[in-house]
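Only one structure is covered here, and it is reproduced in the block below.
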Amino acid sequence: MPTMWPLWLLTSLLALSQALPFEQKGFWDFTLDDGLPMLNDEEASGADTTSGVPDLDSLTPTFSAMCPFGCHCHLRVVQCSDLGLKTVPKEISPDTTLLDLQNNDITELRKDDFKGLQHLYALVLVNNKISKIHEKAFSPLRKLQKLYISKNHLVEIPPNLPSSLVELRIHDNRIRKVPKGVFNGLRNMNCIEMGGNPLENSGFEPGAFDGLKLNYLRISEAKLTGIPKDLPETLNELHLDHNKIQAIELEDLLRYSKLYRLGLGHNQIRMIENGSLSFLPTLRELHLDNNKLSRVPTGLPDLKLLQVVYLHTNNITKVGVNDFCPVGFGVKRAYYNGISLFNNPVPYWEVQPATFRCVTDRLAIQFGNYKK
C-alpha cells in the first residue's frame, strides 16, 4: 500500500514553483535523475523564476465545510489518495489549490469532474487507471500549472490542456503518437516528462512541439532509434536515456544549442560523428554511460563550459592526453568536476596525468577495474 503524503508536505509544495523543473527533488521529482547536480545558477534555466508562483495569501486557512468523504482537507489542499476511488469525488471546495487523487482506481475524467475549481494550481492523478478524458474535462481549470497524470492507461496526450499549464508529467502511459497541434496555446509550458511510453521516432508528427518554449524534456525509456530533430530549440535539458539510439550524426544536435544537460545514457551508441558536439556551446553535463563507444568522443576540449562527463560502461580502450582538455591556457572557462570512465577496457595505468590537467580534483576522476 503506497505511503500517504502528509498534508503539511503537500501544502509546502505549493511554493516549489520557484524551483527549476530539473532541480525538484524527492516528492515532486518524477524524473528519477541520477546524475550529478547542475550548477545552481539561475541562468541555467532560461525560465522566469517569478512566473507561476501561487499567491501566498491563498495559503491562509479556509473554513469551508466542504470535504469529500474519506478525504483530508486543510489549507486549501484536498488529499484523496489511496482510497480506491472509481471517480473524481464531488463536494470539492471551489477554493481548492491542490487536489491529490493519486493511487486510486479512477478510469475516466468526465466533463464536469472539475467544475468550479477555477483556483486549482496542482492536480495529481498519478497511478490510476485513466484511459479516457473528456475534451472539456480541464476547461474549468484556468489557473492549473502542474498536471501529474503519470502511470495511467492513456494512449494519447489529453486534448485541450489548460493554457496556464507550466509542467506536464505524463510518463509511464501507453502513448505512441504526438500529433501536431496537441500543445497549441501552451505558451507557459516549460517542463514535459513523457518517458516510459512506447514512442518511436515516427510517432512525432512534424511540428508536434511547435510553439512550445520548453526548458526541460524527458523522453526516456521509449523506443527511439535516433535523436528527434524537431524538438523545441529552447531546451536547456534533454533526457533520452534508456532508448535504442545507435549513433549521433553531424546535424542531430544542430537546433539544440541552448542545452546545458544532455542525457543519452543506456542506449546503443557506437558512433558520434566528428563535429556533432560543436553545436552545444553551453553544455555543462553530458551523459553517455552504458553505451557501446570505443573511444572518447571528439570535441570535448572545445566545450568551454563542460564540467561533467559520464563515459562509464562503454568499450573505450584508450584515453588520449588531449581527449578532455584543450591545448594551452585560458581556453576552458570551467574546469571539470566529474569524469567517469570506470568499467571500460582501458589500461588506466597508461593514461598520462596531463590528460586531466583541467580537472578540479583527482577525486573527480572515476576509474575502475574492467570486468568482462
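These residue numbers are counts, starting from 1, taken along the chain as shown.
Backbone N, Cα and C define each Cβ position, glycine as well.
Automatic, uncurated: that is what TrEMBL annotation is.
TrEMBL records a disulfide bond between Cys80 and Cys71, which is the match among Cys67, Cys71. Looking at Cys191, Cys358, the record from TrEMBL puts Cys325 in a disulfide bond with Cys358.
Each of the disulfide-bonded residues Cys80, Cys358 was ranked by the number of other C-beta atoms within 10 Å, and first place falls to Cys80. In sequence order, Pro301, Lys332, Thr355, Phe356, Arg357, Cys358, Val359 make up the list of same-chain residues 6 or more apart from Cys325 (disulfide bond) whose Cβ falls under 8 Å from its Cβ. Per-residue pLDDT, averaged along the domain 'LRRNT' (66-98), amounts to 95 for this model. With a 10 A radius on its CB, Cys67 (disulfide bond) counts 18 other CB atoms from all the protein chains.
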